[in-house]
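Visitor: Input: one structure, supplied below.
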Amino acid sequence: MTTAARPTFDPAKGKEPAGFSYLTSSKDLPAHRELKKRRPEQGAGDARTAAELRRELEDAERRHFDARRRRQQEGGGAEDDAAALESEKARYIEMAQQLDAESDGGTDDDGGGDGGGGDGAEDSAEDSDGDDDDDDSEDETALLMRELEKIKRERAEERAREEQEALEQQLMEERAGGPAALLAGNPLLAKRDFAVKRRWDDDVVFRNQARGEEQPRKRFVNDMLRSDFHRKFMRKYVQ
């Protein structure tokens, strides 16, 4: 007689069988085996957070104003240099004009001769002093003329650069307006001038092929044997 159906007081317990090996997936391994710990900055109160935020804002504002002041100083230095250069150019031009006027006046004065006679040594000393003065004036004149030529050359370069920039700006504007002009010249996109004169299928070959066919009349006949459907059915499948 079998005892399989009888209850047992010592139930079966599972155990690892001998001689087998198990492959465990990495997704089945235990994970998150450590508890999350509070970071040091998480325990701070609202006052500390506000103070840190205010400090960061103040630092950012200070950096912004420092950079702005530095840019202004750099721009101001460039402007001062440009102003100094312009004043120097104006001074050189004025000196050149004065020198030209003095040279013209000197030539006029030299035209009238001296009638009286003097000592020969004094005349030679005066001639040597005049020669030295003439040499100095010629050196200054040459220097001023070089400066004047330099100023003219710089102005010519500035004018040429401005003309080049204006030409480039005009070309950029033409390129920017080029696509719009092309689109405006397209008859399919210019809706103001474009109008359909006739249908697109006016000149096709197979148009209105069923024009001569008679359309069936839609009528209602209250008789199954005399209705159009019954007549068509009988004519198609019976006759």
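Here the Cβ of each residue, glycine as well, is placed from N, Cα and C on the backbone.
Pulled from TrEMBL, these are the listed features:
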type	residues	note
COMPBIAS	49-64	compositional bias 'Basic and acidic residues'
COMPBIAS	101-112	compositional bias 'Acidic residues'
COMPBIAS	120-141	compositional bias 'Acidic residues'
REGION	1-143	region 'Disordered'
Visitor: Report, as numbers and ranges, which residues of the same chain sit near the compositional bias 'Basic and acidic residues' (49-64): CB under 8 Å and 6 or more residues beyond its ends.
Guide: none
Visitor: Kindly report the helix/strand/coil residue split of the compositional bias 'Basic and acidic residues' (49-64) according to DSSP, in that order.
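Guide: Taking each residue of the compositional bias 'Basic and acidic residues' (49-64) in turn, the totals are 16 helix, 0 strand, 0 coil.
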